Amino acid sequence: MDYDHLQISIHSDDASRKQRWSEKMEELKNTQFSSAEDAASPLVHKELVWEKNIVNFELYDAVEKGDVVNFFDVLEKECAERKVPLSDIFDQVTWAGDSLLHVAADFGSEQIAELISCHFPELLTRRNVRGDTPLHVAVRSTNSTIVKLILSQYAIEKSKDDGLMDKEITRETNEYGNTPLHEAVYSDHFGVVEEILHADEPVAHYLNKSRSSPLFLSVTSPDVKILNLLLQIPFPADQPLPQCFGNSPLHAAIRQKNPDEEGGNPFHYAAYTGYVEGFRILLQNLSEKSNQSLLERNKKGNFPIHVACKRGHVEVVEEFLRHELPFNPYVLLNQKGQNILHIAAKNGRTKVVQHLLLNQKIDQCAINHRDNDGNTPLHLASINLFPKVLHCIAHDKRINVNITNNNDLTARDIVELEFNTQKTVRKLLANSVLIEAGVSLKLNDMLHLQRQQSPKTDLRLKDPNTILVVATLIVTLTFAGFLSVPGGLHSSDDPNPKKRGMAILDYNPRFWLFSIYNSIAMFSSIAACILMLVAQTLDSELARKPTKFATLSLYCSFSALPTVILDAVSLVLDNYPLRVVSVTISLVCGLLLILICEFGYYLVLLNPIGGRALRSYIKLLRYDNKPDDSSYQKAIKDNEEFV
């Protein structure tokens, strides 16, 4: 190991002073004192510090301030008063278990640290209660001079003692398993990192208890120079690649072209974690010969750009697209024949899809490209029901929305297959986006067959009970409206026998409007209740039609209720303009509800305002995960097994 560069230059003015200090230290060491019975013994790691002698405050203060003269005065005073040899004084520690060399290293007292390390070299490897050696402390305080001093003195002691030949102070670890190089990287000090690496390069691959090497930690360091310095260190050829998630993919693969367990290189790893700065550094260090690392597949057949698209790391994708390649990046296909837009759409990465569609390198061929199964990116987004992604792709002017896959299905056919098995908000939104974009529906016969063959357990268990409860509530509400009509009833004492018990406002046309709409709401709800009771006695297929008619009856009830409520309010208001407004609103609301309920969301999509409302609603919802119940995917697998 090379320590030659660690020799400390001593100016002529300082030489005599240091010589006098060294002689003074030797004189104190050779001074004979009577030994005390309870003389201190060396501190062993993890022993209780209060069982040892605690360092004198004056001595601690002298070391902290770096006052060499006062340091000697206190030493001489301590030895004389306590009648102990000098070695016992240097066995004293602080409450944290720090020796005097730890203290000197912590406060940057270079001259005192040099004296202690030269005359008491056993303190070089002494540990405090956290397992830190003085080198750990010096590194943490980012004092490169003391770091160099300790390394130099240890090299001298190592040359004298054969027992130290196999030991390296740079590989001593504390309780966290950190070597001094780990601490140097944590401290983000390039000079200290450089000093340790000059003394011991292989320590860059040592793992702490978190299974992180200094190289792995340097990825998160704000000083890019530290990462570049560690990347220049080759991995030892005689040692196996450590099974470290942080070290192996980033370092060894770039030097020895060793892939990780999944066949990925450093670009795959940087793309997977989304570390943009690391990906940028790797791109900057590429040469024409090593450009192939960027274009290597892992065991799943994915390029690094595919991994970034799958994970949704937009900035990494942007860095890749900025890199000059001799071809268009969309031609990079995985084993399924899918390009980068396929993968982003399949995994619901909306931001990546948006960025790709805005990039000039992604042309019409990439958007309409079909994979091995004939699926375009729009098909894959439909299979996994990603409304946001569907909206982004379907509204791009370059797309052909009516392309069919190998099963002769359009994107809307796939969503309709899902929508007819079980209706959910997610499927409704996906279907609405495709309808708005003008995607055609070709598979009416198959959809009809699917309705006959699909299980109807949810229909019988959930829909009838829900509709029955709602219909019953509406019946109760409307019946109460007849019992307590607006304006009240004539009393039994009325002079006119024909009016007794009759409605007071029966002459008012709005009262008859109230009665008619209230009757519609009540009888429609009663019809819905009867139909749902009948549906529960039938099997799944026979129960479908009664349920459908009951739903339509319930829609009629809902459409009549606004008119009922507003007419009742207008009857008791003494304001003619407000009455006119109330009646008009009630009629309009009733008409709109009937149209929307009877013709579904198709009518809404014909209106530009409805389209904007749909887009706003999609943005509010988060459907970024893949649904578990994909009947289309199950059908494809069953078909493959059959064939």
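Backbone N, Cα and C define each Cβ position, glycine as well.
Copied over from TrEMBL, here are the features:
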REPEAT    130-162  repeat 'ANK'
REPEAT    300-323  repeat 'ANK'
REPEAT    336-357  repeat 'ANK'
DOMAIN    464-559  domain 'PGG'
TRANSMEM  466-491  transmembrane segment
TRANSMEM  511-534  transmembrane segment
TRANSMEM  554-573  transmembrane segment
TRANSMEM  585-606  transmembrane segment
Residues in the repeat 'ANK' (336-357) grouped by DSSP into helix, strand and remaining coil: 15 helix, 0 strand, 7 coil
Intrachain residues whose Cβ lies under 8 Å of the repeat 'ANK' (130-162), provided they are six or more past its termini: 1, 3, 6-8, 45, 96-99, 101-102, 104-108, 110, 113-114, 117-118, 121, 123-124, 169-170, 172-176, 178, 180-181, 183-184, 186-187, 189, 191-192, 195-196, 199
Mean predicted confidence [pLDDT] for the repeat 'ANK' (336-357): 93
